[in-house]
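See below for the structure under consideration.
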Amino acid sequence: MNKSDERQPLLRADQADAGSSVATRYGHAFHNHDDVVVGNSEYVSANGSLATERVQEPTPTTAVFKRRWYIIFVFSLGNFIQAMAWNTWGPITESAEVTFDWQDSNIGMLANYGNIAFMVTVIPMCYFMDVKGLRISLIICGFLLALGCGIRCITMEPAAMTWLSNGGALLIGFGGSVPFAGPAKLSAVWFPPNQRTTATSIASFSNYLGIAMAFIIGPAMVQSPRYGTHNGTVITSTLQSSFDVMFYGKNASNTSNTDVVNANEVNTDIRHLMYLHAALAGLFFLLVLVYFPDKPPIPPSPTAAMERTEWLKGLRHLVTNKALWLVVSAGAISAGVQGVWISVLDVNLKPHGISQHTAGYMGFWQTMAGCTAGLLIAKFSDLFMRHMKMFLIVLFIGAILAVVWFTAMCEQYIPFNIPCLYAACVLIGVFINGGIPLFYEISCEASYPVAEGVTGGLMTFVNNLVGIGFLFIMLIKNIGLVV
């Protein structure tokens, strides 16, 4: 053995290809462990003895952590609860109107106040989310959501409840800014590229799942009013009357020849529903406080670690990005209208003799079918990433046909049939909601390298702007009535 050999350790045969060994260990760390792998390297010394040297492997540039599924669960839970609280009153329209002496316009505006609050805060909160991180942003939203649900539990007195419900609607809307606008940001920070569309769809459709469950939980917990003959005048308090005259232009008192025989039971049921919403919102706030990090220790992909465009510069870039505005407009006109139309489905179908329970189940199945379609389409789009445009074209053609079918039955151009109305309503949800995650992903691609939170905020801002305009139509007196 020469002097050169004496100075160099002899590698084992299975260590000859060091690059392959390191790559294998990195792959193992990538798929199974949260922490960096540290191993021992054995070699035979010059005197023939076995020596062991502890080797610190270099930190891998990308890694995927199992905890990402818990993170998306907590985020989706907040989205679910916020959506369910936002859709409180639409599924129990009849019960709320007789309990608090509300009109259809009250129900529509309660949903609209949430959208208005969201629209006002979404851009500042998206800036805060990109600059300060997901954790503090979600803590703020969780607190506002819990507060908005909590104040609705104070009293069921009609005058006070009207003010508390409107204030709660604003706070619930504020609390929805990050959960509703942040799915693309969350998926980019925590998930690898081949899982991002699926992750975005999970977080996005938890919102629609919350809307769907509101259609089931509301009518299940709150019984419909039962009427009996009554002669007299329903007296409305001064505070209630002032509010209604100021915002809705309705009379200070209403005369009725019927009486609600189960009014106390309906009032108690609504109180219990408010308690449920407040408890769930409090749970979400607690979970975020306990554990919800801004980002993983190691990014899931090289693009996740890249520096994004400065926030204000990115916003200016979005405003002048014509390709992005085409995508945003197409998504907002469809999803924006459909998202708020479903919240007043009972109001829309009441003139056709559809009860709030039937309308509730119709809204539930429409939203659930849309969620399922969105998840499946998102999964297919992960596999066929170059065919998103084709998916959207097919979905829009189906949506047009379903809307025409639904409208033709309601206007009795074709025979009115409940099973067919169910089918048309469900298909509207499938075709419109199915394209939402695709719009989010295409928007993020069209706006790169602008931060995903900014793009998601713009998308949801325009969605809600369209929805607000649609709900304001309900303030027009006798809208939709044939005189």
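Including glycine, each Cβ sits where the backbone N, Cα and C put it.
All TrEMBL annotations are machine predictions without curation.
Per TrEMBL, the feature transmembrane segment maps to 69-89 (among others).
Annotation comment: TrEMBL describes 109-129 (among others) as transmembrane segment.
The transmembrane segment annotation in TrEMBL covers 136-154 (among others).
Residues 75, 78-79, 82-83, 85-86, 89, 100, 102, 106, 109-111, 113-118, 121-122, 125-126, 129, 134, 137-138, 140-149, 151-152, 154, 207, 239-240, 243, 281, 453, 456-457, 459-461 of the same chain lie 6 or more positions beyond the ends of the transmembrane segment (160-181) yet place their CB under 8 Å from a CB of it. Residues or ranges marked as transmembrane segment by TrEMBL: 160-181 (among others).
Same-chain residues lying 6 or more positions outside the transmembrane segment (202-222) and placing a CB less than 8 Å from one of its CB atoms are 72, 75-77, 79-88, 90-92, 95, 179-180, 182-183, 186-187, 266, 269-270, 272-273, 276, 339, 342-343, 356-357, 359-368, 370-371, 374-375, 433, 436-437, 440. Annotation source TrEMBL lists transmembrane segment at 202-222 (among others).
What TrEMBL lists as transmembrane segment is 274-292 (among others). Remote same-chain residues near the transmembrane segment (274-292) are listed as 70-71, 74-75, 77-78, 81-82, 84-85, 88, 134-135, 138-139, 142-143, 145-146, 148-150, 152-153, 175, 217, 221 (criterion: CB distance under 8 Å, separation of at least six residues from the stretch ends).
Same-chain neighbours of the transmembrane segment (323-344): 86-87, 90, 93, 104, 107-108, 111-112, 115, 211, 363, 366-367, 392, 396, 399, 428-429, 432-433, 435-436, 439, 442-443, 446-447, 455, 458-459, 462-468, 470-471, 474, counting only residues six or more beyond its ends whose CB sits under 8 Å from a CB of the stretch. Look at TrEMBL and you will find 323-344 (among others) tagged as transmembrane segment.
If you look at the transmembrane segment (359-378), the same-chain residues 6 or more away from its ends with a CB under 8 A from one of its CBs are 90-91, 197-198, 200-202, 204-205, 208-209, 211-213, 215-216, 218-219, 342, 345-346, 349-350, 391, 395, 421-422, 425-438. Residues annotated as transmembrane segment in TrEMBL: 359-378 (among others).
The transmembrane segment annotation in TrEMBL covers 390-409 (among others).
Here TrEMBL flags 421-442 (among others) as transmembrane segment. Among residues of the same chain six or more beyond the transmembrane segment (421-442), those with a C-beta under 8 A of the stretch's C-beta atoms are 183-184, 196-197, 200-201, 204-205, 208, 327-328, 330-331, 334-335, 338, 342, 345, 362-363, 365-374, 376-378, 381, 388-389, 391-392, 395-396, 398-399, 401-403, 405-406, 409-410, 456, 459.
Per TrEMBL, the feature transmembrane segment maps to 454-476 (among others). Same-chain residues lying 6+ beyond the ends of the transmembrane segment (454-476) with a Cβ under 8 Å from its Cβ atoms: 104-105, 108-109, 111-112, 115-116, 118-119, 122-123, 125-127, 130, 177, 180-185, 248, 311, 314-315, 318, 324, 328-329, 331-333, 335-337, 339-341, 344, 347, 439-440, 443-444, 447.
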